[in-house]
Amino acid sequence: GICPRILMECKRDSDCLAQCVCKRQGYCG
């Protein structure tokens, strides 16, 4: 899958879109 290149803050993977995961810096990627 593809993670949309949108800067989104997160606390967990489910806060992110599609195939994105929550990275350590607190943003989806």
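Positions of Cβ are set from backbone N, Cα and C atoms, glycine also.
According to Swiss-Prot, the disulfide bond annotation covers CYS3-CYS20, CYS10-CYS22, CYS16-CYS28, on the basis of similarity to another entry.
Taking the C-alpha atom of CYS22 (disulfide bond) as reference, the shortest distance to any of the disulfide-bonded residues CYS3, CYS16, CYS28 belongs to CYS28. In sequence order, CYS3, MET8, CYS10, CYS22, CYS28 are the residues near CYS16 (disulfide bond), counting only same-chain partners six or more apart with C-beta under 8 A. The Cβ of CYS22 (disulfide bond) has 18 other Cβ atoms within 10 Å, all protein chains considered. Of the listed disulfide-bonded residues, namely CYS10, CYS28, the sparsest CB environment within 10 A is found at CYS10. Counted within 10 Å of its Cβ, the other Cβ atoms near CYS20 (disulfide bond) come to 20, all protein chains included. Taking all protein chains in view, 14 other C-beta atoms sit within 10 angstroms of the C-beta of CYS3 (disulfide bond).
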